[in-house]
Amino acid sequence: MTDNYPSFDDRWFYAFVAVGVFLNATGLFPPIMELDGALYACIAKQMAQTGDFVNLYAVGSDWLDKPHFPFWVIAVSYKLFGINTFGYKFPALLFFLGSVVYTYKFARLTYPKIVAQLAALVLLTAFHGVLSNSDVRAEPFLMPLIIGAVYHFYRVFLGSNYGVRKDWLHLVIGSLLTGCALMTKGVFVLIPIGGGLVLHWLLTGHWRELLKLRWYVAVALSFAFTLPEIYCLYQQFDAHPEKVVFGEKGVSGVRFFFWDSQFGRFFNTGPIKGEGDKFFFVHTLLWAFLPWSLPLYIGIGKMIRDLFKRQNNPSPATSPEYVSLGSSLLTFALFSFSGFQLPHYMNIVFPFFAVITAQFLVGLTPKNLRRWTVGQTAIGVAIAGLSIALLVFVQPENLVGSVVLVIIMTLATYTLFRQNTLLSLSGRMVGAMLVLGGTLNLFLYPTFLRYQAGMATAQYVNNDPKLAKRPTILYEPGTGVGGGSFWTYEFYVKSPTTYARSDSSLKARLQAGSQQVFTTGEYADSLELRGFQVKHLAVFPYYHVSQLTYEFLNPATRSQTLTPYVLAEVGAKK
């Protein structure tokens, strides 16, 4: 495709990008969110403190679930910036911004500059992408690895078909990124990386690419770059069959990596199970990809319709690009039929969704563009209205100031971008998401996260010279990794922590005298009933903030949703 469309003025484009970067950077301010984010932060904390980059531990036990790569990156960040919220979230933000760069570069290989610019802005402002830079898990790390690998492999393909200089360096870099993606999420990442390329070759008459040696070299290199992960899993699990994992001995970490963590979850036969809904991501994307979900759905539908209508013309100079469609839809189908589903799983194909959305909007006629601008403006106004409604309902600190700020930003956005043009549409959506993201990260999340009892207790302990000198026992009876608010205490407290998962384990630790213990109010009461000496030092309210309800959001009923966590001085049985 030739560059027949006028691009955004660079000053406007870079201004939008700067706002988008700031929007995502607001996620650095809220504390780490329970549950998964806090668990990952603790695993990387132990890695950084011990210098052991081979073994993964959670709650004092061997942990077999996610691969190592994100924890390596975060542990290095801790070494540079300290073990704190910024040290945990900042590398994820950098990786996310890398996915924006790669999305732009990938789109420029086939589309006009305006499509690449708009795709970058769509990715910067898609709601769940912004959310994932606040509630950091593995997805921000995975996004640039996948779109980056696709970009480099597509460059290799273009080198022999489009007159672009062939460069085997792209093959090596693409394989390296694929290897890192494998060490982030497992073998299923080969679907979004390779699926779109294969579909593009089949639909454009380049099926002979499947016979070329270079792609098999790429596969071999990708798995060669994955050897550090295989080594670590073998050393921690396969070399120690006596370890009990998932309630069994002889569990293979290598098998788990290649099979149970992937196909076991898909077929719901592995040790970690879920309940899948085949339409889960259909309705999830409606809010997760805001404010761009409607043009995304229409854009996908149009591409599929055009695919069936197009004449049989395999000429690479005129055929559209099907990599984005193939990578996104194959991954969408994979997750939809999986037995284990979470909203953030789709983030990894947001770069491809962004390209599809941008291509659709740029291809609109002036008349249809005006209609879409009006429709998207209505969505932007609704987002601003929702932000104000949430602020008034939740009543955070500085309520008046936050509402005034939202109103000013909204009025400024629609005053500055008054035309029904693609530039104005983009500006309005960037402004709308700045309002929503700022509302969440700067006003609402700080209000909600005060109810992470573990974090609040850790701050209390850190500020008390006597308590700060003492180690803490985290009393959480049971098996597995547990949950609740123990992980934020483990991460934010500066003194050492150990876990007691049973009464016998706790009793053994109390033989030398009473100890400082953090646990739930219910567990503390049960210890007293069983004869332990329990003296409450502090009590903090807890709520699982990643599962918001009307009762919790409403200040009048919030107290009814809270449960206590206790810091106590616990002694042995009388």
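Cβ from N, Cα, C; glycine included.
Given the structure is predicted, the values throughout are model-derived calculations rather than measurements.
Over in TrEMBL, the protein carries these features:
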TRANSMEM  12-29  transmembrane segment
DOMAIN    65-230  domain 'Glycosyltransferase RgtA/B/C/D-like'
TRANSMEM  86-104  transmembrane segment
TRANSMEM  110-129  transmembrane segment
TRANSMEM  141-158  transmembrane segment
TRANSMEM  170-203  transmembrane segment
TRANSMEM  215-237  transmembrane segment
TRANSMEM  280-301  transmembrane segment
TRANSMEM  322-342  transmembrane segment
TRANSMEM  348-365  transmembrane segment
TRANSMEM  372-393  transmembrane segment
TRANSMEM  399-417  transmembrane segment
TRANSMEM  429-448  transmembrane segment
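Of the Cβ pairs linking the transmembrane segment (280-301) with the transmembrane segment (429-448) and spaced 6 or more residues apart, 3 or more are under 8 Å, so the two regions touch. Counting Cβ pairs under 8 Å to the transmembrane segment (322-342), the stretch among 12-29, 110-129, 348-365, 372-393, 429-448 with the most such contacts is 348-365.
Pairs of Cβ atoms less than 8 Å apart link the transmembrane segment (372-393) most often to 429-448, out of 12-29, 86-104, 170-203, 399-417, 429-448.
For the transmembrane segment (348-365), same-chain residues at least 6 beyond its ends with a Cβ under 8 Å from one of its own Cβ atoms are 5, 99, 102-103, 106-107, 111-112, 114-120, 122-123, 126, 128-129, 139, 142-143, 146-147, 185, 189, 192, 196, 289, 292, 295-296, 298-300, 302-303, 323-325, 327-328, 331-332, 372, 422, 425. Take the transmembrane segment (12-29) and the stretches 86-104, 110-129, 170-203, 399-417, 429-448: counting Cβ pairs under 8 Å, 429-448 has the most. Outside the transmembrane segment (86-104) by six or more residues, the chain places 17, 20-21, 24-25, 27-28, 32, 37, 40-41, 44, 73-74, 76-78, 80, 116-117, 119-120, 123-124, 129, 132-134, 136, 140-141, 143-145, 147-148, 151, 350-351, 354-355 with a CB less than 8 A from a CB of the stretch.
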